[in-house]
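Engineer: Below is a structure I'd like to ask you about.
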Amino acid sequence: MASEPVCVEDFESYLEARVSDWLWSFYRSGADREQTLRDNPLAFQRYRLRPRCLRDVSQRDIGTSILGHRLSFPVGVSPTACHGFVHEDGEVATAKGVSNAGSAMILSMWSNKSLEDVAASVKPDTPLLLQLNLIRDESGRLEAVIRRAEAAGFKALVVTVDQPVTGKRIHTRRKKIDFDPTAYSFPQVLLPEEKMTAEKAGELLDGTQVLTWKDILWLKEITSLPVVLKGILTAEDAKIAVKHGAAGILVSNHGGRQLDGVPATIDVLAEIVDAVRGSNVEVYLDGGVRKGTDVLKALALGARAVFVGRPALWGLAYDAEKGVQKVLEILKDEFSRAMALCGCSSVADITSDYITTPPYGKV
Ligand SMILES: Cc1cc2nc3c(=O)[nH]c(=O)nc-3n(C[C@H](O)[C@H](O)[C@H](O)COP(=O)(O)O)c2cc1C
């Protein structure tokens, strides 16, 4: 393996080396021909920066906030399932790394650690948000999880809206499961007497999601936590989200794992920012963020913050909580450096003046 990682992509091979063949495929894969998976990081390279020079950038304020909660820089961790398959400390290790870096974490409902254990492992000022799939809920398990999240001090619920069924991940389907999922706990999705199997996951996700806008209203009624919608990709849906009282929109294509052939998230960000203008809805982005300049580009196009999915898993594989922290600190350093090189001394300075597309005039 390479020497000490110096950029986010350097961590990826540590995950491949650490997990089984099927699991590596599970973490890496996108849906169908993986066009969107490939396009997410590539699309950032179609935008160029318009730097300003001879400004005093010796002191830079790279901090921001989401939903009123402070982040030391505008990058958080997106929800990814099953950190316990990568490291025995699972999401607790991830959360500690996030907390030490002054970042925020959206905990997947499909985590192997309980939301209470994750909450107990972070500093009090670390924003934790809980991701939910609104699965059919005769047993009341969803409402129980929401009450637990409220009691544990989670700051928001992040509802995944791009998964009415699960995307067809061909690469993973071709492989034989080579580990025992029943050996892991899923304290948010399973009742104590249930075990996780491929069939159980399918039953919970594929057959039973009956999510519509009505359910967002239901959610708003039963909780006072802010609701963020994750997976909106059009101005039309962004406007409906505003009407339904969303506090935030996470522009996401699920890291290319759901509908293949949708645009890279950075390519639809401006349309969504435009659609919610005049409301209080905050817009975030995930998908393919790997460089400090990617963060700056997303902020220039109107995102309040960005999130990373796979890179946190790579960091977890590299060195548990320290690895997650290291991935985030690298992004923090790169973002601060990119701000200086663009002539920005605070996050508020980053506007669309700093970004361009061919033929490279001002947009
Ligand atoms: C292995 C894996 C598991 C994921 N699990 C979830 C999940 O449980 N809930 C969810 O809303 N999104 C999930 N996602 C999508 C991520 O939240 C995020 O949108 C995506 O990873 C961002 O792209 P990136 O990996 O290029 O940073 C998952 C993604 C991966 C790669």
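Glycine is treated like the rest: Cβ placed from N, Cα and C.
Because TrEMBL annotations are produced automatically, they should be read as predictions rather than curated entries.
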Engineer: Of R147, R148, R169, R173, which does TrEMBL put in the glyoxylate site with H254, R257?
Structural biologist: R169
Engineer: Between any two of R169, H254, R257, the residues recorded as binding glyoxylate, what is the biggest Cα to Cα distance in Å?
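Structural biologist: The widest Cα-Cα gap among those binding residues is 12 Å.
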Engineer: Excluding R169, H254, R257, which residues of the same chain place their Cβ within 8 Å of the centroid of the Cβ atoms of the recorded glyoxylate site?
Structural biologist: S29, G30, A31, L37, T166, G167, G255, G256, Q258
Engineer: What count of other C-beta atoms do you get within 10 angstroms of the C-beta of R257 (glyoxylate binding site), across all chains shown?
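Structural biologist: Around R257 (glyoxylate binding site), other Cβ atoms within 10 Å: 22.
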Engineer: Around G288 (FMN binding site), how many other C-beta atoms are within 10 angstroms of its C-beta?
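Structural biologist: Neighbour count, Cβ to Cβ under the 10 Å cut-off: 27.
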Engineer: Express the predicted model's confidence over the domain 'FMN hydroxy acid dehydrogenase' (1-360) as a mean pLDDT, rounded to an integer.
Structural biologist: 95
Engineer: Of R169, G288, R290, listed as binding-site residues, which ones have a Cβ less than 6 Å away from ligand 1?
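Structural biologist: Near the molecule: G288.
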Engineer: If you measure R310 (FMN binding site) to H254 (glyoxylate binding site) at Cα, how many Å is it?
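Structural biologist: Counting only the Cα atoms, the answer is 11 Å.
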